[in-house]
Each structure stands twice: as C-alpha cells, then as structure tokens.
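Summarising the annotation, TrEMBL assigns active site to Asp23. The active site, proton acceptor annotation in TrEMBL covers Asn71. TrEMBL lists Asp23, Glu210 with the feature Mg(2+) binding site. Per TrEMBL, the feature substrate binding site maps to 24-28, Arg36, His40, 68-70, Trp72, Arg74, Arg191, 197-199.
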Amino acid sequence: MNRHHNTSATDRRIPEHVAIIMDGNGRWATERGMDRSAGHVEGVNTVRKITEAASEAGVGYLTLYAFSTENWQRPQAEVDALMHLIVMAIERETPDLIKNNVRLTMIGDFERMPAEAMARLQQCMADTAHCTGLTLCLALSYSSRWEITEACRRMAAAAAAGTLTPEEITPQTVSGYLTTASMPDPDLLIRTGGDRRVSNFLLWQIAYSEIYITPTYWPDFSKADFERALDDFAGRERRFGLTSDQVKQP
C-alpha cells in the first residue's frame, strides 16, 4: 500500500481528516534492547512532529489511537506508566497547542480513566477550546465496538422514551450517536508498524477511508513519512462505490 505519487504540494488534494493507528512503540524499544516504556516516550515525540506536520499541511482533523480499551489488560505497571506519560505529555504540550491554534479533544470510555488523570486532561481540552486550527483528537480508552454498543444503547433509550422511531434510524442517525459526531469521517487511515488490521478503531467511520500502511514503527515515523502518506492519498481515486467513469463525470 506504500505507493508514492509525485503530486506537488501546491495542488495536491489534502484529506480533511486523518486518523492514525500509532503502532510499533514496543517493538521499536525491544529491537534496541530497551524497556517498552522507552518506545512510548519516543512515540510522544513523534506525536508532536506529526501534529505539526498535519497543521502545516492544512489537515482539519487528526485522530490518534492513543490507548484502546483492550490496553487496560496489559501489565498494570505498563498501564500506569502509559497513563502518566499521556497526561504529562499533554500538559507539557498544551502551551504549544494554543500557540499553534490546535484544539484538543478526546473520545473514549472515560469512566475507566483514573479520576485525577481525567480531570487534568479535561483542563487541557478547556484551555484549547478557543483554538480554530487543527483539531487534535485523542482516542483514549477507546474501542469501536464499545462506541457502537453505546450508540445502540442510547438509540434504544430514545426509542423507549418515544423520541426516536425505528423508521427514523438511518446511517446518519447512527453517526450522530457516535463519539465522533462533531467530526467528518476520516478520509485517510494511516497505520504504522506494518500490521494489516484496523484493531477495533473507528470501524463505522472508516467505511470509505483510504488506507495507508507503512512498516515504519511509530517512533521513527517522520514528517517526511507523513508527507509521503499525503502524496499517496492525493494520487488515489476515491469512488465511494461508483465506477471510475462515474467519478470522472462533471
């Protein structure tokens, strides 16, 4: 999937929403004889670089898969270290987010989050709420099956209350009950680390997303790598179920 297209930066089509499965932190560290936590630390530096690159490229939304609901099953020491790293990194980066006009938002099952960590993260979101540039969305304690299940429950509750009928439920209705209701669906899904799966991430939303998989581990994923993904996207023909001839019609 790593096809590179020579499309100039001035006329290439830029995805409005890019979602990234940031994979390979642990393998990056292990291959260097380091503790897995070192990979997560280096991965935070990559988040900073790619957020800057997305903003500079004119991307409107950048959603990063930071921590899945399945990750709660990892060894407690690793979970604790990850939570600490995420909170500290976001607090440290908030002034730069504001300086660069980046708004921070989050999606996920926050009931499972430590209360103190959640309070600190909510403060960071509040501090950037006025920003009007790139929206940086962290998927934290997130899984798509959890999200869709919650949406079904809320729709069922609305139906029981008489405010929603089965006939009124459309794909757009379902989208409106998801945690991403305020964002467009991703145009481009990037996965680092080489694995060819979507790992329970934005399953509903990526129905027509272009997918770009690179073997590069997340800590090594550079601005140049991100630009290559954007170039690849610009060279794709997005058909949304139509034929190529239909898409080309004015």
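Yeah, the Cβs are placed from backbone N, Cα and C, and that goes for glycine too.
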Using a 10 Å radius around each Cβ and counting other Cβ atoms from all shown chains, which of the binding-site residues Gly24, Gly26 yields the largest count?
Gly24
Among the recorded positions Asp23, Glu210, whose Cβ has the fewest other Cβ atoms within 10 Å?
Glu210
List the recorded positions among Asp23, Asn71, Glu210 whose C-alpha is within 10 Å of the C-alpha of Arg191 (substrate binding site), in sequence order, or say none.
Asp23
When DSSP is mapped onto helix/strand/coil, what comes out for Asp23 (active site)?
coil
Taking the Cβ of His40 (substrate binding site) as centre, how many other Cβ atoms lie within 10 Å?
22
